[in-house]
Structures are given as structure tokens and as C-alpha cells.
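Here it is: the structure, laid out below.
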Amino acid sequence: MVTAVTWFLLVIFVAVSAICSLGVGYLYGRFSQNRSDETAARWTNILTGATGFLAGVATWVVGNAGFLTPADGLLDTLVTILASAGAAIVVAVATITAILHANPGLPGVDHVPTVRRHYLRYLTVLFVLVFLLASGILTALEGGPVGLVLLVLGFWGVAWAGAPLLSGLSSRTRRPTDDERMRIDSLLESVDLSVRGVRVIEADDKYLAVELSGAPGGRFLFVSSSALETFDDETLRALLAARREQAAYYEAIVSMVPYIAPLIWVLLAVFFEVISILPAILVAIVAVVIGLAGVRRFRYYTDARAGETVGSETLADAFERAAAAAGVDVEDGSRQNLISRRPPLGERVDRLRDNQ
């Protein structure tokens, strides 16, 4: 009886949260109508993820209190993970739907239904992993701090090495055609970049992605069909050079350190009762901000290295062409963002030109 009532209340909670998210998303969409820079797109992602995350956390707390199933153990954990991820997905999709309805001209958006489907796939994979990790951490707490740290680091490593699989699950991909493969192979050879495989992402016309994913020996190149159609070889070569340098210096790992290290600090501080939870969180927040500043400077370094391969001016031009094709205003997005892992594109372009 208690379980049935809990599920009924949970459905009401998710429905109300989704309605509130529709309102929040619509207001943000209206607010961002006159913005065409990186900040507008970044805050779209943050708002979408945050609203879903809050709903998912509330559901996860209820599930871990034992109110969703009468059973204990693995079944209870699986139901909690799926219910939490489901609640998060519903609310997050409501947010992005409202944002796109209010502002279909957001940077990177050309066909709203396609973008919405892309978000749905991505959010599904993201939230399942988030609450899987959360449940794993809760279980590991019973085994002591060593097991907890190993779990976080192991999950991090698996996510990095398995990123190509996750990318394939969160996006609709296909193998390149023979002509596309010949063109891509030629470009890869020109920047001395070796990959295990290539996948073409079928998405919105303004989804211009050129991404390297995975660990050495298992890296895959993900390139959107719109990028292949929009960019000339010079632009693609420059973007591939930038990705090669980021992969060569393990930027995917470095960029997560500001999140993983403070998380481990908070968990250990609470476990050993070094300090109370609030000061531990404040220290972690400061560490995140400082760490992200270092990650942004690291991106300047990898840009400079890529500029040595293809020419700083060529890379700067490629960044500008990519931004223009995606509808992003480089100049308007020149403000620093303390919670971003990437520096503003306008500043990256300026630094490349200063390095000539």
C-alpha cells in the first residue's frame, strides 16, 4: 500500500516538476532570443541538465529510503536507478522542449525535432550513468574509503575508455560512405592522426561536430554529416589538428580532474569526519573554480600546439568559420565563465593570432 501511494505521489511530483520546467524553459528561451553566442548554448545545457538532475535526486532519495519497492538488494537498487533516471529525463526534456519552442533560433539549432531527439538520447545515457554512479557510491561507503575512491576512479576510467560506445548510444551514427571515408582518411593522414574507427553523426544541420573519443588505441572519430557537407578540407584539417593535440595531452582526463578530485575530497572528508560537510563543500567549490581556470589555460596550450601544425591563422580562421556556420557569435561570447571547461572561442581566436 505504501509503495503504491509512493508511486502515485512520485508521478504527481514528476508531472508538476515537468510543468514548472516548461515555464522555466520558456522564460529562458524568451530571455535568450537576442543572444547568439556560446553563453546562450552553454546555459541551455546547464538549465536542461540541472532541472532534470534535481528531479532525479529527489526520486533517488525516495528510492534509497525503500519506498519504491518492498524488496531490498539488487532489485531495489535497479528500480531506484531507473526511476531516478526516468524522472530526470522527463523533466529535462520538458525544459529543452520549452526552450526550443520559445527560441528555435538558438545557436546550433536548425531543425527543432531533430535537436530534441538528440537531447533525449544524450540525457538518457547521462542520467542512467549519473544515478548508477550515485548508487555505487552509496554501496561503496559501506566498504570503507578505499573502495569508495577506487569506485570513483574506476568509473571515471571506464567512462573515458568507453566514451566511443557512450557517444554511439547517445547519438544516431552510421559508417561513412566510401567517398566520405576516402576524404576523412586523407585528412587524418595530413595531421598524423590515427583512429580505430570513424562514425558519422546524423543530426541537425547546425550540429557541426568533429570529436575524438576514447583512450589511446581505441579512439574513434565522430564527425557530423553537416560538418562534412559544410566545411572545406582546410577547415576540417585544422579542427582535426586541434582535436589531435587535445587527445595527445589527455585533455579529456585533465578536464575532469577539477570535478573528480573535489568529489573524492568531500566523500573522504565526510567519511573520516575531518571537517563538517558545509566547509568541505565550500573548499570543494573553490577547488573546482581554480581547477577549471587551469583547464581553460590548458586549452590555450593545446590550441597553440595545433597552430604549430596547421598555422595559427589557419586554425583561428577555422574556428571562426565553424562558429559562423553554427550561428554562434564569437565576439558576443568573449566573457569568461567560471564554471566552463573551455575558454571563450573569441579569446582562443585572439590568442592564436597573437601567437603568429
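Using N, Cα and C of the backbone, Cβ positions are placed for all residues, glycine too.
What TrEMBL says about a protein is an automatic prediction, not a curated fact.
In case it helps, TrEMBL gives these features for our protein:
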TRANSMEM  6-28  transmembrane segment
TRANSMEM  40-61  transmembrane segment
TRANSMEM  81-100  transmembrane segment
TRANSMEM  120-141  transmembrane segment
TRANSMEM  147-166  transmembrane segment
TRANSMEM  247-268  transmembrane segment
TRANSMEM  274-295  transmembrane segment
REGION    335-356  region 'Disordered'
COMPBIAS  344-356  compositional bias 'Basic and acidic residues'
Can you work out which residues elsewhere in the same chain, 6+ from the ends of the transmembrane segment (274-295), have a Cβ less than 8 Å from its Cβ atoms?
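Those are 251, 254-255, 257-259, 261-263, 265-266, 268, 338-341, in sequence order.
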Between the transmembrane segment (40-61) and the stretches 6-28, 81-100, 120-141, 247-268, work out which stretch tops the count of Cβ pairs under 8 Å.
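Highest pair count goes to 81-100.
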DSSP on the compositional bias 'Basic and acidic residues' (344-356): how many residues come out helix, how many strand, how many coil?
10 helix, 0 strand, 3 coil
In terms of Cβ proximity under 8 Å, which residues at least six beyond the ends of the transmembrane segment (247-268) contact it?
137, 141, 145, 148-149, 152-153, 156, 160, 163, 212, 216, 219, 274, 277, 280-281, 283-285, 287-288, 290-292, 294-295, 298-299, 301-302, 305, 341
